Amino acid sequence: MTDNPADNKVFNEVSSLYKQYFDYAINVRKWLEIPDDLPHREIGYGMLKKVDNRNMSFNTNGEYLAWVLKESPFHLYKSLSYMEYPDVVGGAAKKGLIKREVAFDIDTHKTEKCTHDDSWICEECLGEARNQVLILIEDFLFPDFGLSEKDLKIVFTGNRGYHIYLKPEDTKKIGDTKLLEKIEKWEKNERRYFIEYILGKNLNLRNMGSRWKNILIREFKKNKISTKKFEKTSDWKTEIDTRKDNVRREIYETIGKVKSRLELDEKVMDDDIRLLRTIGSLHGYTGLMVKEITYSSLKSNQFDPLNHGVFSKFHKIMYNVNIKQEIDPLTLKGDTFDHKSTEIPASYLLFLFGHGIDFEILE
């Protein structure tokens, strides 16, 4: 690749593919998310970097969509916060926060079963991301907060993760106030307490709450740790101290493993002006779609990121290439490619480009 991307054949081809995608996503399928209350939302984007620019805003949907069609960014974002002055530079204080969406970002790393490089993806690490979403929803959001599938928006990020937005229906209320209005007015410290509770950072073994108590008792039973006395008391510290050294060690190890099950990006909950990927865009590192899915499709394992996350039209456009470095295999829509592949679809070409792989397009 030359120093000037505009002179590079691969960069120009990738740019053309992104333009084709956005034209289809906006004009044909209406896939691209237009953030609610657009004039009060900050927009950001990236081309060769994850974020090249932010502090942008648009007054109308038409103006926004025209800009996306013209620029066709590789990474596209919107702010979780609604702001009085979203285009002002200088942080939350100057932007004038009105309210903020509440969302979780699960971003997994390679697992012990993965055989690839840290930056690559496969069924194993994507499966781990799925499992973590289900833990978050089924162990906390459903039982603790009385939410249902209709109260959540689940989005595949286009890489090894998911965004889970809390969008309680209007019927969910605290007193006379709608639950959605309540949580979107949370201050930073309230959001911080929320995520720390889910991560077990507030866990007090001398005064165990019922949710964490039930979760840990379930895990103790899996490890054949006697739970009768734990079920009858909230002072677990005293009970743990009565156990033999090896049992005590196993109990603390089990608690530690359970607390570390979720790879949540805490900054997404903490940061007042956090940006998240726009639904219906492409992920610039993988070329996969940032796609909203249902809880039921995730639960039943019907959603396959390496199949349903691929823009189908890009799997039919083929290129002759020379891949100049050794790389791990990747399977997209059932087809496996690696550094020995000489004919590849646009879907794989975007993945190679996003990962900075050295390759050339042949005539």
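Yeah, the Cβs are placed from backbone N, Cα and C, and that goes for glycine too.
The model shown is predicted, which means the values in this text are computed figures rather than measured ones.
Under the three-state DSSP scheme, Asp105 (active site) falls in the strand class. Neighbour density for Asp105 (active site): within 10 A of its CB lie 20 other CB atoms from the protein chains shown. Residues or ranges marked as active site by Swiss-Prot on the basis of sequence analysis: Asp105 (among others).
Annotation comment: Swiss-Prot describes Asp107 (among others) as active site, evidence class sequence analysis. In sequence order, Ala129, Thr157, Asn159, Arg160, Gly161, Glu263, Asp265 are the residues near Asp107 (active site), counting only same-chain partners six or more apart with C-beta under 8 A.
According to DSSP, Asp265 (active site) is assigned to coil rather than to any helix or strand. According to Swiss-Prot, the active site annotation covers Asp265 (among others), on the basis of sequence analysis.
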